[in-house]
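Trainee: My questions will all concern the structure given below.
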Amino acid sequence: MNPLIIKLGGVLLDSEEALERLFTALVNYREAHQRPLIIVHGGGCVVDELMKQLNLPVKKKNGLRVTPADQIDIITGALAGTANKTLLAWAKKHGISSVGLFLGDGDSVKVTQLDAELGHVGLAQPGSPALINTLLAGGYLPVVSSIGVTDEGQLMNVNADQAATALAATLGADLILLSDVSGILDGKGQRIAEMTAEKAEQLIEQGIITDGMIVKVNAALDAARALGRPVDIASWRHAEQLPALFNGTPIGTRILA
């Protein structure tokens, strides 16, 4: 089977119960299947907490975090440091051999500046699969933070959904976006099983899909188009369903190309 990228989002990193459920599901899945897995993560909650402690402002534009030059070092420390190593620690606790990476390692994902108004925010594009394929062949679980670096050596904060999409394109991998929500909800709060670009545009126009979920849906649509196959948005809350999800059974919203 193709490698599978599991993008972790939401408050997952803040919840020991959620991490325990996730890594138990990963162990169970890896014992029963040979499919290579890769984790890609952001860590907005970790960054927000740190910003609060340092009395620094948090500003967003169209769901993307504005990252001034005087904040990129702090955000890099939170994402490539604290968030990444927290996940490695959980992997270690569960007996999974893992390697912590950022997007620039092995040039796995190419990054350029997205928009000068956003500051150190990067646009992710496919890079080289060589390093991660080597790690997968060795039986390792790569855990990749959404910090990248430009060819000019500038650190960039990349939206983790978009980073995961670029890495999936690099590796020819399938993609699951795991978050706090069970999928995309309609106006009545009911989960939508399948979503097309046309349906997504309607719900955005109607104000049903808003803010960060717009970024998530657009990232999933971009991924589905780039990869030529569906992308799943699902919740990490139902651990018992995760092995089935990792094996290709939809449990949230399946985004169609």
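For all residues, glycine too, the Cβ spot is worked out from N, Cα and C.
So Swiss-Prot has the following annotated:
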type	residues	note
BINDING	G43, G44, R65, N157	substrate binding site
BINDING	D180, V181, S182, G183, I184, L185, I208, I209, T210	ATP binding site
SITE	K7	site 'Transition state stabilizer'
SITE	K216	site 'Transition state stabilizer'
Trainee: Just checking a number: largest C-alpha distance across G43, G44, R65, N157 for the substrate site, rounded to a whole Å.
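Mentor: So the maximum pairwise Cα distance among the substrate binders is 12 Å.
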Trainee: Please report how many Å separate the Cα atom of K216 (site 'Transition state stabilizer') from that of G44 (substrate binding site), as a whole number.
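Mentor: Distance (Cα to Cα, whole Å): 14 Å.
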Trainee: For the recorded substrate site formed by G43, G44, R65, N157, name the remaining residues of the chain with Cβ within 8 Å of the site's Cβ center, in chain order.
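Mentor: Apart from the listed residues, the neighbours are G42, V47, I75, A78, L79, S146, N159, A160.
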Trainee: What residue among the binding-site residues I184, I208 has the most other CB atoms lying within 10 A of its CB?
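Mentor: The most densely surrounded of these binding-site residues is I184.
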Trainee: Need the DSSP three-state call for K7 (site 'Transition state stabilizer') to compare against my parser.
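Mentor: Reduced to three states, the DSSP call for K7 (site 'Transition state stabilizer') is strand.
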Trainee: Using a 10 Å cut-off on CB atoms, tell me which of the recorded sites K7, K216 is the least crowded.
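Mentor: Across K7, K216, these recorded sites, the one with fewest Cβ atoms within 10 Å is K216.
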Trainee: Looking only at C-alpha atoms, tell me how far I208 (ATP binding site) is from K7 (site 'Transition state stabilizer'), rounded to the nearest Å.
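Mentor: On Cα coordinates alone, these residues lie 23 Å apart.
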Trainee: Can you tell me the CA-to-CA distance separating T210 (ATP binding site) and R65 (substrate binding site), as a whole number of Å?
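Mentor: Cα of T210 (ATP binding site) to Cα of R65 (substrate binding site) measures 15 Å after rounding.
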Trainee: Output, ordered by sequence, the same-chain residues six or more apart from N157 (substrate binding site) with a CB under 8 Å from its CB, or 'none'.
Mentor: R65, T67, I72, I75, T76, L79, H120, V121, G122, S146, I147
Trainee: Measure from the Cβ of T210 (ATP binding site) and count the other Cβ atoms within 10 Å, all protein chains considered.
Mentor: 10
